[in-house]
Every structure is written in C-alpha cells, then in structure tokens.
Amino acid sequence: MAQHSNQHQVKAKKHLGQHFLNDEAVAQKIADTLSLNGYNNVLEIGPGMGVLTKYLLKKDITTYVIEIDTESVEYLKANYLNLAPRIIEKDFLKYDLNQVFKGEPLAIIGNFPYNISSQIVFKALEMRHQIPEFSGMFQKEVAQRICSKEGSKVYGILSVLTQAFYNAEYLFTVPPNVFNPPPKVDSGVLRLSRKENYTLPCDEKLFFRVVKMAFQQRRKTIRNSLKTLNLSDNLKANSIFGKRPEQLSVPEFLELTQLIEADL
Ligand code: SAH
C-alpha cells in the first residue's frame, strides 16, 4: 500500500499549479466520490506524486493518469509500476483523449491544477458525450461557482454551461494546510453527474454563445447584451429580456435560446 519513494520527492513548480496533497484521508475521500456507474475507465488529471492515484488503483476500474510534468512522471513510474503503461505524459488541454479512449466512456477526477481549472471544465463539457461523471478538487470559489444557482453572486458561465448537462454537487471544503506548499485559498471538492437526458432542447452552439454573451456584461439586461444579434422588437419585448443574466435559471437560458433560435 504505502509505496516508499525510490526517488526524491518532486519539487513543487508554481507555473504548473503544483500543490501536493498531504492528507491521506482527504485523498481517499476524493477517490470515493466516484460512483463507478456507467464507465470502466477513470482518467486522473495531474496525479503529481500519486496521492490520489493510489486510492484509485484499489478500485475495480482501469486508472489512467495524464501529467504534464516530467519529474512527476518519473516519480510515478518508479513508485507505481503497474500504472506505467497508463501514464499519459501530455498537457490535458491539448491532448486528444481518443488516442487512448477511442470513444469509450470515462470518468475524470483530480486535485486539479488551479491555474487552468476553468479550461479543464470547458474541455470536459466539450467531451460530455464520453464523460458520465467528473469529480475532484478546485479552488473553493471555482467549485462553488460551478455548483451555484441563479441569484448567487458567483453564478456565471461555468455554472450555467455545466448544469445544462450535469447535476453539480458541492461536496466538501479542504483547508490550505493539507497541501505542500499550501495554496492561499481554501479548496472545494465537487461531483458532476451527467443528466440522463443531456441533449438540449435548442441549438447547442447557440446556447453556449448566448450564455457567454449574456455574462460578458453581468450588470446589463439580456436585451442590452444581445444587441448584436439583431433580434426582433417583438421578441425583445418578452420579459426575459429585461432580466440580468444572474437572474436566469438554466431552464430559462434554454428557453431564451429557443426563443432566439426561432427569431433568427
Ligand atoms: N494530484 C496531485 C497533484 C496536484 S497539483 C496531488 O493531489 O498531490 C496539480 C498537478 O497537475 C501537478 O502534478 C501538475 O504538474 C499537473 N498539471 C498542471 N498542468 C497540467 C496539464 N495541463 N496537463 C496535465 N497535468 C497538469
């Protein structure tokens, strides 16, 4: 179980967002967020020295890891011999996952590099057809944002786009002192479970565009933010256009997109 390093500990590199988790109980708890339903593979993003990986390896599932840092990859190869064939030494944001997964479903998990957390979520959303479950740790504020509802001050693009396809649960908070080096902020663990029916009732590209345009100017009404779409006056008289984006629920954003689609 506890694998003793055959090699020096990896030196934390700031530009890679490296904060290594030191608390085995937290690592176990994060690994246990996976339901293991609906997939046979899990991909951990940014395993570092494998604190979370070792709990994934005990589960009845095939574990892959993707890690950009050569020093971490060397450490993993030396300490987790069975994992070696399933270590992908790449940048998650740039790598085509289907070179490995070939269209098969997978869960994503990680104590994610916080400097690219939104981009990780956006990439997972693009791949939603293959990703029934996604869980792991972000900066607390980002985890809260992803899970927040309309009316909350952190409700935004990530909340709406994620919750259109996934049920989002904020699970627990993790303090800075269990990391080396400690980050400046609290962390939060969440789980996203894909909805049974995650096909939108509207054009999906247009939905992304409308949500992004609306939140680019949070304080303005929808009518104002969507000016450049040249919508009919009749449509713009609809009360939904008098609201601000943070007041619209996910179903209302879907309805808004349907209305716009019919008007274009
Ligand atoms: N999971 C480990 C490490 C967390 S730190 C732990 O909990 O201790 C974040 C990890 O993500 C680091 O190992 C870092 O090298 C890796 N990482 C950063 N950017 C990455 C990217 N674009 N693709 C893959 N891994 C990345």
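Using N, Cα and C of the backbone, Cβ positions are placed for all residues, glycine too.
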Given TrEMBL lists H19, L21, G46, D91, N111 for S-adenosyl-L-methionine, the same-site residue among E67, E71, E133: E67
Binding-site residues compared (E67, D91) - the one with the fewest other Cβ atoms within 10 Å: D91
Would you mind ranking the binding-site residues H19, L21, G46, N111 by how many other Cβ atoms sit within 10 Å of each Cβ and giving me the lowest? L21
Among H19, L21, G46, E67, D91, N111, listed as contacts of S-adenosyl-L-methionine, what is the widest Cα spread in Å, to the nearest whole number? 20
